[in-house]
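Taken from TrEMBL as is:
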type	residues	note
DOMAIN	105-205	domain 'Fe2OG dioxygenase'
BINDING	H123, D125, H178	Fe cation binding site
Amino acid sequence: MSAILEVKTAVEGFRLWPGVLDASAQADLVDAVFTRLEAAPLYRPQTPGGRPFSVRMSNFGPLGWVSDRGGYRYQATHPETGRAWPDIPPVLLDLWEATVGGPRRPDACLVNLYREGAKMGLHQDKDEADLGAPVLSVSLGDAAMFRIGAAEGGRTTTLRLDSGDVCALTGPARLARHGIDRVLEGSSRLIPGGGRLNLTLRAAGVSLR
Ligand code: MD6
Ligand code: FE
């Protein structure tokens, strides 16, 4: 890990630490992720309305975020294998402590893989039990254009997230609307098979430390 240097952003409560993971830390984390994906394969979830996501997903930790005809929720098992999710890579727990810290520890890590043409529409992260706890995001591989605006709607701001960047939705930005407009394909060679990997750490359940 290199220095943890936060930069100021235009959105209060949206926190950004560019380049936290250097090239070797990024490669190690990609290895840790792909090893765990052998036990919890990426799959393409459906929206509650029955449309497939363009992003492929999996989860690590006691709880994982899933979406299907039954709605959005956290659950302890992979929807296709029925097995418990693998553990959260320890380096991500260290990153949580070094950036957002606080009274809660993450118990869920959502894995999003963007291959050709994948994107993510504007959404709010609001399926967690404690909406006071932050959500921390790590970007790996191809760069992406990230859009963020207030929970109530209105103007949005777009910024680029590069491989190794870490950002968080905290405090007044916890329920901000955000999404990925596009991935800059081929801007990195980090991910086997290409694309962008995003890891979001959440305190999803009710357990306090
Ligand atoms: C992504 N990120 O970067 C999608 N959610 O691929 C998110 O949806 C997100 O970046 C909560 C907090 C930070 C995020
Ligand atoms: Fe999100």
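Placed from the backbone N, Cα and C atoms, the Cβ positions cover glycine too.
No curator has checked TrEMBL annotations; they are predicted automatically.
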Requested in this report: Can you check which residues sit near H178 (Fe cation binding site), meaning Cβ under 8 Å from its Cβ, same chain, 6 or more apart in sequence, and list them in order?
Outcome: L122, H123, Q124, F146, R147, I148, G149, L169
**Report entry** Check: same-chain CB within 8 A of Fe cation site center, minus H123, D125, H178
**Finding:** L122, Q124, L169, A176, R177, G179
Query raised in the report: In the predicted model, what is the mean pLDDT computed over the domain 'Fe2OG dioxygenase' (105-205)?
Result: 97
**Report entry** Those binding-site residues listed as H123, D125, and which of them has the most Cβ atoms within 10 Å of its own Cβ
**Finding:** D125
Report summary line: For the domain 'Fe2OG dioxygenase' (105-205), the DSSP residue counts stand at 3 helix, 48 strand, 50 coil
